[in-house]
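Okay, structure first, notes after.
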Amino acid sequence: MGKGAGSLSTQSSSTAAAATSSQPISDGVLKKIVVAYTYVAIWIFLSFTVIVYNKYILDKKLYNWPFPISLTMIHMSFCASLAFFLVRVLRLVDLPSAMSTSLYISSVVPIGALYSLSLWLSNSAYIYLSVSFIQMLKALMPVAVYSIGVLLKKESYHSNTMLNMLSISLGVAVAAYGEARFDTWGVTLQIGAVAFEATRLVLIQILLTSKGISLNPITSLYYVAPCCLLFLSVPWLVVEYPLLRETSSFQFDWVIFGTNSLCAFALNLAVFLLVGKTSALTMNVAGVVKDWLLIAFSWSVIRDTVTPINLFGYGLAFLGVAYYNHAKLQGLKAKEAQRKVEGGGAGADHDEEKGRLLPDRDGDKRGDQQK
């Protein structure tokens, strides 16, 4: 009798599971998926546009305006002005009440200095390297973030994770070995940009997030962009200003630089919307798609040389990054499960659902903003 009851129970649960799996997706869930992927598409488009646009302006064979500090300062001036207008005039965004003068000097100023160096070096790299190879070098971002996190005691050292970081580094090294237009100075600039950006991301966690202060892209630009302008003005006066004075034939193209700056600002908003409506994990997965699209565009349209060794090396790095982010996803799920056990409630369910809209990858912020 017990056996028959068990069979009946199993059959009922199977029937219920089949009925559940056969149910159509509700309109609410479908709407969330459509909205999430719309934000993903917007972010990919804007990030793609900013990168290609910057390459077009800086490359000596294209628009031929090789002044990366000046271009970064134009971006920062535009973004700072627009952020000030949105915050102070339209009052669309509230500033964090905990932001004092001392906190600004001790936390925001060093972050602004690192951000200015990261943007300066990354934009400079476009003069010497192809778009495709720069995207391959950017795969080192998780390696830099993890390594600096360990050095600053923000991350715990794990031998398995370090082996994973070494596999990513090996893949990038193979891609560099196969690069047809390898330029040592360009690679040095891009690796420097990755290092500064990774340090900035870690310091944001240490100096701001740990103190309960979170900045969205508009408030970030409101606070950070003036710092960037201040720090960039020193090398600009020494390096680029004398050259620009000698270029008497140069006329500021308001259409080119205006639309370029507008795209850079829109990218910041897209990052905010993408992470706010989905998750940082979704943005990282979208970053993988964007990287492959840029490599394909660089090869097919710009006619940059992409060798089989390039692709093989980047493929290795990509697998390493994917595994790293898969491990991070499992870690997040474990934490959410623990929160549920401890009474985390509906908020945990909501965060977990957001993380599942697109599965896997890491990076920052990437730091494709204005790059």
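Keep in mind that glycine also has a Cβ here, set from the backbone N, Cα and C atoms.
The model shown is predicted, which means the values in this text are computed figures rather than measured ones.
Annotated transmembrane segment per TrEMBL: 33-53 (among others), in sequence order.
Mean model confidence for the domain 'Sugar phosphate transporter' (38-325) is a pLDDT of 89. Positions annotated as domain 'Sugar phosphate transporter' by TrEMBL: 38-325.
Under the heading transmembrane segment, TrEMBL lists 65-90 (among others).
Annotation source TrEMBL lists transmembrane segment at 102-121 (among others). Listed by sequence, the residues of this chain that lie at least six past the ends of the transmembrane segment (102-121) yet keep a Cβ under 8 A from its Cβ atoms are 68-69, 72, 75-76, 189-190, 192-193, 196-197, 199-200, 203-204, 207-208, 211, 213, 223-228, 230-232, 235, 367, 370-371.
If you look up TrEMBL, you'll see 127-149 (among others) marked as transmembrane segment.
Per TrEMBL, the feature transmembrane segment maps to 184-208 (among others). Packing against the transmembrane segment (184-208) from elsewhere in the chain are residues 106-108, 110-111, 114-115, 117-122, 124-125, 127-129, 134, 137-138, 140-141, 144-145, 147-149, 152, 154, 176, 214-215, 364-367, 371: each is 6 or more residues past its ends and has a CB under 8 Å from a CB in it.
The transmembrane segment annotation in TrEMBL covers 220-239 (among others).
What TrEMBL records for 254-274 (among others) is transmembrane segment. Long-range neighbours of the transmembrane segment (254-274) within the same chain, counting only residues 6 or more positions beyond its ends whose Cβ lies under 8 Å from a Cβ of the stretch, are 39-40, 42-43, 46-47, 49-50, 53-54, 57, 63, 71, 74-75, 77-79, 82, 216-218, 220-221, 282-283, 286, 365, 368-370.
The annotation transmembrane segment is assigned in TrEMBL to 281-302 (among others).
The transmembrane segment feature in TrEMBL is assigned to 308-325 (among others).
The region 'Disordered' feature in TrEMBL is assigned to 340-371.
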Inset, instruction - Counting only CB pairs under 8 A, let me know which of 33-53, 220-239, 281-302, 308-325 has the most with the transmembrane segment (127-149). - result: 281-302
